[in-house]
Amino acid sequence: MARFLKSPSKLGDAALTGLSVARLTVRTVTAVEEDVMAEATTAERAPTPRKRRYYQQLWFWVLIGIAAGIVLGLVAPGVAKETKWLADAFVQMIKVIIGPVIFCTVIVGIASLGNLARAGGLALRALAYFLLMTVLALSLGLIAANVFQPGAGFEGVPSASDVAKATEQAGEGGQESGVIPFIQDSLLPKSFLGPFVDNSVLQVLVLAILTACAISALSPSLRGRLVSGIESISKVIFGIIKLIMWAAPVAAFGGMAYTVGQFGTASLGNLVFLMAVFWGTCAVFILVVLGAVSAFCGFNILKVIRLVKDELLIIVGTSSSESVLPRLLTKLESAGASKQTVGMVIPTGYSFNLDGTCIYLTLGALFIIQAGGETLPIGVQIGLAVLMVLTSKGAAGVTGAGLVTLAASLQAFGGEFFTPEAIVVGLALIVGIDRVMSEGRALTNMIGNVVATFVVARWNGELDQDRLRAVLDDPRLVEADMEAEHGAAADDEHDDASPGEDGGRTAERQPAGTPG
C-alpha cells in the first residue's frame, strides 16, 4: 500500500485497469442478454405452421378418389375398366418432368459440394446400403415363400389372354441380360437428349453426374452462377409438378376403379393367398427391417410413414412410385437431409434400391415352381437369389416393370426348373393380379428409399437430426416449407424471407454441428 501511495502513476494504472475490467464485464453481460433477447424475438417471429382443414389437404381428396373408384368398380365394373387411362395419363405427365428434375437436383447437389471426393464417398455409402437391403429383401421373400408356400396345390389354368400377355412379357424380359449389356443399354446414354425422351433414370443420372463434375472444375464465381441458374430452373419445374398434382385424386379414382372392376371381390384361391403373403411380407420388411434400421439411426418408421402419407396415397391410386419422385425430393430435403444426399440417393435408389421388387422376385419365382408341383432345392434357391441381386438393378418404378424383371431373371437362370414353356405358363398365372402386386411393390420401394435417404445422410454427416425430429413430430413443418418452395400463390415474399421468417428453413440446409 505504501508503494502505491508513493507512486501515484501505479495507483492510477490499477484504477484504470479495474474500471476497464468492470466495463468489459458489463458489456459482455449486456451482449449476452441482447443475444438471448434476439433469439427469443426470432423464435417468437417464426410462425407456427397453420393447421389446414382436412379438405384443404391432398391426402383427403386422394382418399375420396380411391373410395369413389372402389364404389364405381363394384357398381359398374364394365364402366370402371375404361377409367384406367386416367391413372396412366397422370403417370405419363409426371414422367415427362422426372428427367429434368433429377438432372437439376443432382447437378445442384454435387456441384455445390465443391469436393468430388466427398461426392464419391456419398455414392459408395449409398450403394453399400442398397446392396445390404437388396440381400435382406430377397432373403425375406425366399423365407415367406418356403414357410407359407402360396403356390402349393394350385389347380387353376391360365386363360388364353393371360398366356398371350405373359408371352409378350417374357419376350421383353428375354432381351440380352448380363453386366455388359446392362452397362451398354441401360447405364450409358447414347445421346444427350435421348435419356430425357426415353425417361431413362439411370442414363439421366449419369449425364447429371458428368455435368456436375464439369461444373465443379470451373472457377468458384462461374460455378456459383451456373448452380444458381440451374436451381432457378428447378423451381420452375417444381411449379409444373404442383400443377400436375391437382390431378392426383382423379388419377387415384381411375386406377382404383379399374383395379376393382377388373378383379372384383371374387375369391381367386391361391392367387389371393399369394397377394396376402406378398403384402404381409412387405409389411414385415417395412415395420421390422426398415423399422430396426430407423431405430438404430434415431427415428421412428411409423412417423416416417406419416410424413409421406400423401405420396403413399398417390401410389395406391397410380400404382407407380415414380409418380411421387419430384415431390419426394423437396420433402426429404425440407425434413433435414442435405440437398446433395437427396439428389444422389433418391434417383439412384429408384433403380438400385427396389426392396418391394426384390421381395416380389423371389416370392413370385417360388410360387411358379410350387404351382407347377415342383420343389426347388435350397441351394438352387440361393443361387437364384444371388442372380436376382444383379437382375433387380435397373428395374423401373412403374407398373409392370416387376413382371418384366421377373421374366428376365427366370430366363437368365434357366435350367430344368425354368424352361421357356414353364416361364410363360408361370407368368400367365400371376399376370392378372400384377396390378395389385404392383401397388405393394411401389409402396415398399418408396418407403425403402425414404429411409435410405435419412440413413445415408446420417452416415455421411449431412442430416439435421434436430430438424428431422421436429418434422416427424409435426409434418406440417414440411407442408409449410413445400408451399414456400413451390409458392401456393407464387408470393415474392417467400423469396425474400429471412431464415427466421420461413419456418426455420434456409435455401441450403446445413447439418447440425456444421458451420453455416
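Cβ coordinates come from backbone N, Cα and C, glycine included.
TrEMBL: automatically predicted annotations, no manual curation.
Summarising the annotation, TrEMBL assigns transmembrane segment to 58-80 (among others). Residues of the same chain lying 6 or more positions beyond the ends of the transmembrane segment (58-80) and with a Cβ under 8 Å from any Cβ of it are 245, 248-262, 264-265, 309-310, 313-314, 316-317.
Annotated transmembrane segment per TrEMBL: 92-114 (among others), in sequence order.
Positions annotated as transmembrane segment by TrEMBL: 126-148 (among others). Within the same chain, residues 273, 277-278, 280-281, 284-285, 289, 344-345, 348-349, 352-353, 355-356, 358-363, 365-367, 370, 381, 385, 388-389, 392, 448, 452, 455-456, 459 sit at least 6 positions outside the transmembrane segment (126-148) and bring their C-beta atoms closer than 8 Å to a C-beta of that stretch.
Per TrEMBL, the feature transmembrane segment maps to 200-219 (among others).
Long-range neighbours of the transmembrane segment (240-260) within the same chain, counting only residues 6 or more positions beyond its ends whose Cβ lies under 8 Å from a Cβ of the stretch, are 58, 61-62, 64-66, 68-70, 72-74, 77, 80-81, 83-91, 93-94, 97, 101, 313-314, 316-319, 323, 326-327, 435-436, 486-487. Here TrEMBL flags 240-260 (among others) as transmembrane segment.
The annotation transmembrane segment is assigned in TrEMBL to 272-302 (among others).
As annotated by TrEMBL, region 'Disordered' applies to 481-516.
Sequence annotations record features per position, and here TrEMBL assigns compositional bias 'Basic and acidic residues' to 481-491.
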Which sequence-distant residues neighbour the transmembrane segment (92-114)? Criterion: at least 6 residues beyond either end, Cβ under 8 Å. 195-196, 199-201, 204-205, 207-209, 211-213, 215-216, 220, 223, 226-227, 230-231, 233-234, 237-238, 240-241, 244, 247, 320, 322-323, 325-326, 329, 338-344, 347, 398, 508
